[in-house]
Amino acid sequence: ELEKLGLRDDVDLHVYEVPVEYQTVQRLIPALWKKHSPQLVVHVGVSGMATTVTLEKCGHNVGYKGLDNCRFCPGSQCCVEGGPECIDSIIDMDTVCRRVSALGLDVAVTISKDAGRYLCDFTYYTSLYQSRGRSAFVHVPPLGKPYSAEQLGRALQAIVEEMLDLLEHSEGKINCQHEH
């Protein structure tokens, strides 16, 4: 849906479907970062438990015990051996949530600090690790429960544009922080 709607004219949008497979994520996410060198990657995953559009603040490295679609689970139960337990996105999700909620879209947006220790969280951590925090993850409820594809598409469009706006206006501060 977001691909249909698009983003601002100055933004190149690349949409990929990532299989629910640990080994594919470990191979694909770094390859996509290398191929596109993006300013930001926003992952979107469906959560059967979600009733709102949920902005995830951080990804977790350990605790992956569930089998993926290939009936595989990492023996180490982690994303990156020796990596930090948790990596926060450099995007201020509270501000994104506040700004998108203020737009008056007919979609509720909330914040979470736990993407669930399955492939969504695994993908998010892998991308955060790869990008030094220049990633985001948005959980959406299943279609029709309660939002239509159009509603979710418009919400994602607003969310991504707010994230890009925040990123562009904080670039100097972010670079400065990383130098210290």
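A Cβ is built for glycine as well, from the same backbone N, Cα and C atoms used for every other residue.
Please treat TrEMBL annotations as automatic predictions, because they have not gone through curation.
As recorded in TrEMBL, the features of this protein are as follows:
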- E56: active site (ACT_SITE)
- C120: active site (ACT_SITE)
Chain-internal residues near C120 (active site), provided their CB is under 8 angstroms and they sit 6+ positions away: H43, G45, S47, E56, F137, H139
Number of Cβ atoms other than its own within 10 Å, given for E56 (active site): 24
